[in-house]
Structures are given as C-alpha cells and as structure tokens.
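Peer 1: Sequence annotations record features per position, and here TrEMBL assigns domain 'Cation-transporting P-type ATPase N-terminal' to 5-79. If you look up TrEMBL, you'll see 62-80, 92-111, 261-279, 310-337, 815-838, 889-911, 1010-1030, 1045-1065 marked as transmembrane segment.
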C-alpha cells in the first residue's frame, strides 16, 4: 500500500519513512532492512514465453489440427501400404506438403509472437539511471537509480528525469515546473509546490506536491523524499496495467470468424466422412442373413482390409479437399498488401490482423493532446489598443505549429509602436528558442514561450524591407535563421536580470538596457536600416518629465492576464503615447478576458515599466545598490507594479486543421468519436466543439465528465453513458479510467480503436481492438503497445486507414467466397464419386496443388479489387456479423454442386464415351465402357471377357498388366480431365468473385488487371505440371489434346451462367428484401 504523501505534511511523510532530518537522509544501518522490504527501484520483467510453448500455440487452431490429423493418417497409409503405383517420393508427397505448410505457418506465428511485447522494455528506458541522494548526511551525486529506497532524500534539478515517485520537501527555486504530459496528458508544464493537497482520492494532475517517475524537470530545483519505487510508482502501475491488457488481448474479428468457420468445417467434414463410409460399406464388408430373416449371420461376415483402406483414403482426401489450405497464406498476403497501401497513407501497421479490424471499427477513442491537437502551443488571439481607449482591437492568429511562416495575424497591416513593443516583450521575456531540424520547426524550452516567439515572428518588424529580408533569410536557410524577427528585437537590448515566475504573482519579467548602437547589429543581419527604439523614446521622456528617475533600464513583463492587468495603471496606444487606464477601459478588458476564457484559451498579458527607482541604472553587478531587491523574490511584486499595459494574447494547443473534416467523415461512416484526455474539462470541451465532436450550441448534459466522475457511476449508468448517441468527452482521465472505458465498450460489442501518444495511453492502446500511436510525438511505450503507428501524427490518417480497412475486408470477403466455393466443389466431387461408386477421380496431392498453388494467385489478386465509391457512407459492420449468410451459403452449395457434377462428369464421360457434344474423344484409342460397368469397377476381375486397350497421352502410351488396371493406373487421363475441369472452373469463379452481386457485364474482369495476370499464371502452372513429364508423374496426370481441352471447356463454361443467374436473384430479390427489412430493424 502506497503511503498517501500528497495529502500529508512533510513532517508526517518523513516520519512515516523513518527519516530523522532532511540533511541526514536515510541512515546506512536501515538500508539492508529497507531493501529486504521494498526491493529494487526497477520495473519487473514478465518471464518470456518459452520457444517450445510458442511453437505449440501455433497448432492450437481447428483448421491446423484437421490438417495435422490428415497428414498423420496420410503418412501412416503411405508407410504401411505396399502399392507399386504410389511408391517412393510420390507416396509421401501429400503428408510432406501438409507438414511443410504447417511448419511455415508456425514459423511465422512464432516470429510475430516473439516480437510482440517490447512495450515494457520501452517503459524501462524512461526511468532515470542515477540520482543525487543524501545518506548519513553525505551527498551521493551518482547513486544508481535502481538502488533508491523509500525515505531517500533526493535533489532534483532542471533537465533531470525523476527517478521515483517523490514527495516534494522544499523548493530550491521560486518555481518548479515539470513536463508530465506523457503520464497525465496535460499540454503544458505544470507548477509544483511543497504544500499538501486536500483529500486522498484525487487525480494525478491534482497531486501538486508529487513528482512522478519518468517525468522531466522543465525548470527549477527542489529537495524531496522518495515515497514509492519500482512497481509501486505510477509508471509501475502502468506496466502492471499493460501486462493485464496483454492477458486480456482478444482475438480480432477476422480470427474469430475464421475459428468459427473452422469449427463448422470440422463438423461438416466429420459428417461427410461418416456419410462416405455408410454409403460405401458394401464395398468392404458383406454378410449373409440367417435363412428367412434379415438378421446377419456373423459366421458369414467378410471384411476387406484393402477396400476399407481405400475408402479410408477417400475420407482423408475429403478432409484435404474441404480444408482451404491456401486460405491462411492468401489472407496474410492480402493483409500484407494492405499494410503497404496504408504505409503510403502514413499508417504503419505493426500487427497484420489490425488491417481488417479497422474495417469494422465502430468507436474511436482518441486522446486529445498531440492527437487531435498539435501538442504545440500556438497564439490564436491578439488584442491591443489602437489610437484611443475606445479602440480595443482584436486579431485572429492562424497557424497551429511552430513554423513562423505557417500562419499570420489576420488583418494586420503593419506594426505600430505599441505592437512593436509587444513583440519585443515576446522576444525578451523568453527563455525558449525555435529550432529547424529534420524538416520541422521544434520548440526548445517551454511550449508557451515558444508560441510567443512564433507570434513575434508573425508580427514581424517595422519596415517592409526589413521584414522581407528576414523572411528571405529564413526561407534560404531555416536552420540558421528560424527566428529573425526575434533576433532583430532582442539585439536592441541587453538583458540584465530575470525576475522568475512564481505561483503567487503569476508573472515573470526581465530588466533590459538599450544596447549600444541599438538596432545596428540586427539590421545588418537582415538588411534593414538602423533604427533607434522609438516607441520607448517617448515613454522614457514622458517618465522623466513626470519626475521619475530613469537611467534607461526598462522592465518587460508577461504573465497571467488577470494578474498583470490588476497591476497596470496606464496603457500604451498605437502611436506610443501613454494614457491612464480608466475604469471603463479596465471593465472592457475584463469582459474580453471572460469571453476568451470561455474558449479555454490560456491568456497572457504584457506590460512595460520604466520608473525602476534604484534599478533604473542597474548594470548587472552584485555590488549595485539595487541588487538586494533582485535577490529577494518577495520584492518582485512591488517591482512589477504601476505597469503600462501593452496587450494580451490567447494561446492554446490548437486542433489539427484536418481533424474536423476527419470527424465529419467518421460521423458519415457511422463511427462514434470519444475524446479521453488528461487535460482539464473546460479546455477539453472547447477543443471538442472546435473539431466537431460537439456542436457549438450543444448542451453538454452527460456528454462531458471527468474520469473520476465516470468511475464513480454504477455499472448500468456507465453503459448508458457510453451507449448514448453523439460524441463523448472524458477529461482529467487517468490510465485506469481509459482502460475501464475501452473494456466496457468491448463488453458492449463495440469494435474500439484507441489513439494516443503518451505513456498514460499505453494500457488502453494495448487493450483496445486496435491501438493507434503517434509516430512523431508518441512515446516509445505508446508505439510498442500499439497495433498501428501514424507516421504523420494525423488523426485524419486513422479515418483513411478505416476506409482502407473496409476495402480490404470486402476484398477478403471476395477471395474467401471464391476459395470456399472451390473447396465445396472439391468435396462435392469426391463425395459424388464415392456415392456413385466411381474410381477416385481427384487424388489428395492434386487437391493440395489446386488449393495451394493454382487457387493462390487469383485469390491474392482479388485483394486488389477497387473499393466501392460509397464505402465510407455505409455504417460499420458489427464484429459479430457473419461471412456466411444463408443466401451466400446457398450460392456456395449451388456452385459447389455444379463443380462436383462437372469434375465427375468429365471423368465419367471419358470412360463411357468416344464423343461428347460433337467433340471426338476416340483419338487416343481408349476403351469406352458403360456407366454401370464404371460404377461396378471393383468387380472387374469377375467380369468375363473384359479387355481394355492401351491409349495414348501426349507422346506416351498408357498400357496395363491386367485389364482391370484400367480403373487404377489407367485412370490417369480421366483424372487429368477432372483436375483440369476443376482448375478451369476455379479461374472462371475468380472472375465471378469480382463482385458479390454485379454482373460480369457491369464489372468486367479487366477492371482488376491483376486478376487477369493471376489467372494466366495459374493456368500456366497447371500447364507446367501437365506437360513436364517429371511433374506429371508426381501428380499422376498426363498431357491433354485440343479435343480433350474442348471437353474441359464444355464442362467449365456453364458456371458463369449459373453464377450470373444467382447474382440476378441476389440483386433483384435478396437485396431488396434486406433493404425493405432494414427500417424495421432500426425501429426495433
């Protein structure tokens, strides 16, 4: 249990951890016992899954188990059988191919699994390596952070990474700011204090006296006591949540569908195999009944092991035929092609199934900071007085990044003296800088101060020539001249002292003196005319004439608008003149502040002061008479009084420009958007209105709440909130709140995508159906926990990825429809042959070749089908939607039954006819028999006078040692015809699969040129095994003549007509009934 130090005094915290004094720290004598109790300050590593377990997990799949059983049986039969026709390599071809498939599948799976859990290692990289610690009254400057213990007194400075969760004991500087956005989602650095908070159960953001492991010190220094280490820290809790989310990782919708299909297929295979045995039992078992009875006489039972083995092989062939062995490979290929398409759209997919999951996304839960917003503070509003107090002018400032040329001050026609002074305050009251690296402008320092630098650049400098020179230099070499205007303003002054920001007065200021030859240096740099700082010349002279002492020093002030305004007594107008700040003008400014605060803007005001008393001639020396006032922070508020108001600006972490349109696309596609952020409620709501999650006039009754408020609701009420239509906003959300929301949505049947960039987002990213991390601003922890990374940090890319996912799903549906209908045809062929008692027409090795090689290219090519133009105007499909509707299953059966009829028909036609539909089949010299003889082929040796002539195939002659071998070794030609009909029909089926309901006249095959290439490749591969003797021997087939190819086409072409009729019924009957019933479903 972690001690709640945030709501306890410093004394209570030290006493709890057994620390006698801050100066002494932990005594060495207590270290061993503390180590035994608390362990080391490190994150636990979950033991890696053993390789053998990973391998076994790859075989925990219904389809794989069926294939494994088929391979084992085939291997056993090949080993024990002594069949001269299937000896050597040919006998073991089938089980070897099956095993090779399974090994490759397992290898890919193991590779993916072993690379899936790197998020925890990324978390470890966030922790500090060393710490400055007081023990036994001695400072240890480089104690390894892993050796820290609760109770250790540590010293933290600017730039340090916090090594543990620490309770602040005392500040060593006036202000301490911490960057904890990655942990809490706050968009700006937050100020910390040593004072305890009220209440134990508060959000992380409210624990202002705590420093959290992994966060960074932006400015300031403090001394603190370690309160918790390792897995007890907030970052440790996130690791624990990540581990829990990993264990909760559910299968993707696609995998669930395929598993359901596999289980159904296994049941069907079992029933079909039993049916085959029942139909053919008379072939391998016979008996005579007792005289005058139907009861069998056991003494007369005759059982043929050879024939029983044959029909067992038929059952194995059925299993091989029913399983689409190539389906996993084709799905993987299609998903991989989808990842390439998405990569071109800046979406980098880390987990292949995520591509399909995107297509059925129903809810997008998005972090705000850095995802919907730029995570780059920007000035969006500027206000200052014109020629009189009645002219309070406002300007809109555009641009959402740190690029000075990425926006402008709308309506600004040039700099007057007041605005020029305002720009100087922005440039001088500033410790940040803008850098241009890797094609982007970046902030170094506080984001708020960097935003003011960018605003100063947008204001520019006085003089059109000077401004053009600055812009030209920036365009020519942005790395060397990112902020030319700020350099121009700053070069006029020497900064003598900084009055640091503190929480009480909420402002900071700098004392500056005019540089000698002010303006010359910067002007020379930018090609402008040297110019004296005229706007302050009048101010200085006015101050002197009013009796003030002025040595030339000026105080530039910026701070929270309401605080700075309270200390202002005068106003600078556009011409540089100074007038008193009247009560009416003050009221008008307060009304402006209230209006802008309603937009959740961070408001800063700027002011100057020239009557600095004994600091008017301060020269920066510690010996100066005024230095004592600068050394005492309690004097700063008095120094920053009687100020001259210049203007104010409103800043925010602005929405990304493209987000609003993307959210509109989500609404059109039936996808709900929920914003889950660690930022405050008012800011979150303002951003949600700006991007279209909420409308401008929408009353937020129950649509916006804090994470803590949501967590306090009963379960039914939580579900009601999450199920209500429209957008939702959850603010001040902690990692556990985000996880609870995602978990509830998944329980409610929603397919949830979660976007985020911070450490605090990682558990929810891992738990969501698809986690989407930001590639540029995202932490490594978030990226490793995600399924997809956005290379451009653009929310709109998520929507584009959803569109691509939907298209991929439709294409996958097309090739799965194609492959399954083909497999049903194979099953029908074997079942029909067995039911009729015909010789085995298709061998298992031939079926493997068709399923893996011949079917593969067309199925893959179907993945290139163009997307429907209205794909993003349809509602998302639910995760429990089925691939196989009753109508689709009926279509599969009709087409499959025809495939079975055609393959068996071609086989039987060759045996029973010398011509068919005008096609001469007698040229090879084969012996035609009756269909009744073909069905009774196993009794051949009992036929009297039966003779079978050798026949030709290509350049070879097929002869038999015994006439009855005509039905075994002699069936090569008939088997080849059957296989060729199967291949030809499947090529035509691929063309049929281009569209579920559109005719080939509406969707011709050349709409997908890749399909034409794939069909050509498959037919070429089939020709290869037909006409290369070595391969023909392996597959037990022979070359075909032109007349025999004509027979193949005669049996194959009708499948197009059959499917066209089915599509016509689908378009005009089934779809219309479905459309007519949909309003009723909605009403229900």
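Each residue, glycine too, has its Cβ placed from N, Cα and C.
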Peer 1: Counting only pairs 6 or more apart in sequence, are there at least 3 Cβ pairs under 8 Å between the transmembrane segment (889-911) and the transmembrane segment (1010-1030)?
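Peer 2: Counting Cβ pairs under 8 Å (6 or more apart in sequence), the transmembrane segment (889-911) does not reach the transmembrane segment (1010-1030), since there are fewer than 3.
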Peer 1: Is the transmembrane segment (1010-1030) packed against any residues at least 6 beyond its ends, judged by a Cβ distance under 8 Å, and which are they?
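Peer 2: Distant contacts of the transmembrane segment (1010-1030): 849, 853-858, 860-862, 864, 954, 976, 980, 983, 986-987, 990-991, 994, 1037-1040.
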Peer 1: Apart from its near flanks, which chain residues at least 6 from the ends of the transmembrane segment (815-838) lie with a Cβ under 8 angstroms of it?
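Peer 2: For the transmembrane segment (815-838), the far contacts come to 272, 275-276, 279-280, 283, 311, 314, 317-318, 321-324, 326-327, 330-331, 334, 847, 850-851, 855, 858-860, 862-863, 883, 888, 891-893, 895-901, 903-904, 907-908, 934-938, 978, 982, 985-986, 989-990, 992-993, 996.
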Peer 1: Where does the mean pLDDT land for the domain 'Cation-transporting P-type ATPase N-terminal' (5-79)?
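Peer 2: PLDDT averaged over the stretch: 80.
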